[in-house]
Amino acid sequence: MSSDMEGGMITMKANDTTKYLIHAEIEAEGVVERPDVVGAIFGQTEGLLGGDLDLRELQKTGRIGRIEVKIESKGGRSFGEIKVPSSLDKVETAILAAALETIERVGPCSAKIKVLKIEDVRASKRKRIVERAMNILREHFEEPEIESERIVEIVRQAIRADEIVEYGEEKLPAGPAIDESDAIIVVEGRADVLNLLKHGIKNVIAVEGTNIPKTIVELSKKKTVTAFLDGDRGGDLILKELLQVAEVDYVARAPEGKEVEDLTQKEILKSLRNKVPVEQLHVLKKEAKEGREREKLAEMPKDSISDVLRKHTESVKGRLTARVLDRNLNVIKEVPVRDLVKILKTNNMKGSAIVFDGIITQRLIDLAAKKEFDYIVGVRLGSVVKVPTSLRVITFDQL
């Protein structure tokens, strides 16, 4: 560790990746000098927080930067200020700041350290960048004058686009406010995250494909989730997968045919204002689906769908038999239950329902969904993890 004294300041190895700057004040009952303060900081915090937050180790690895100490004595007492730069995250920086306040002695004297504030260095830099950019635009460009508010917005949008981070074990593209926000917005890809950041929305994270990452699933258990997806079939597919594995609270969609990454600020805000609770979405989907089913079954004016399925249930119950039904709920094929999976796999039949005297398994649900069936009716549910929204699963006792 290297240290030197310049103009009353003790400095240590600099760190150009500083995120936060701890500002603290110190007061000692007696005359103390700078080396006493530094010795107390390192000596009295050593071993206090374990190896991961040991000050000496943090400085060796560059996770804390130059420590500034300024102190003066007056009337037999000493007063001063301490600044500790940190490239740790918010929580670790706060713990480090709290550790400073546990120091009770400096040299031979009783002392007290109090944290005054923790400065977000990057936020301060961004503010200076905006102010300097405004001056540069005014001084060095001969174009017609731009309103100050517009200049600020242009520069801020550019800066926000640089705020993208990698989040979770899958290193998902995200805004910087995921951890601190109670609500998050889930989008499809990195370009969507960048567009929302550009317009000031920081609690956004991308799934990066149709296979929903574990990080998204875990976040959905703790936070209010709005799925904000493209207004096309790709958005439909991602939404379907999200609803199966994650706890989604609201759904927002881009205008039909548009992608989230191309939306203007006005379109983004309008889409988010018009978000729909997921419960309402299911009702709308159910009504639309039942409407399609009524059209398919137009040739059956007297019997409801439930009545017809109930009749088929009575026919297979106790016989270990399965029936595959067409769009009008007429029997296409009747087979032993043990042959049902094999028949569905090997036959390219287009049916509407499966009614069988057996247990509804995840394997059978996946196969029925793949074959685009609308209903599957069985004795009871087995170990089922997820059910596609396109398939309605019914047990005998529900009919």
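Even glycines carry a Cβ here, placed using N, Cα and C.
Database features, via Swiss-Prot:
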- GLU188, ASP230: Mg(2+) 1 binding site (BINDING)
- ASP230, ASP232: Mg(2+) 2 binding site (BINDING)
- 182-268: domain 'Toprim' (DOMAIN)
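A map of Swiss-Prot features onto the structure.
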residue	record	CB count, 10 Å
GLU188	Mg(2+) 1 binding site	24
ASP230	Mg(2+) 1 binding site	26
ASP232	Mg(2+) 2 binding site	14
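Here the Cα atom of GLU188 (Mg(2+) 1 binding site) is found 12 Å from that of ASP232 (Mg(2+) 2 binding site).
In the three-state DSSP scheme, ASP232 (Mg(2+) 2 binding site) is classed as coil. Taken through DSSP, the domain 'Toprim' (182-268) splits into 38 helix, 18 strand, 31 coil.
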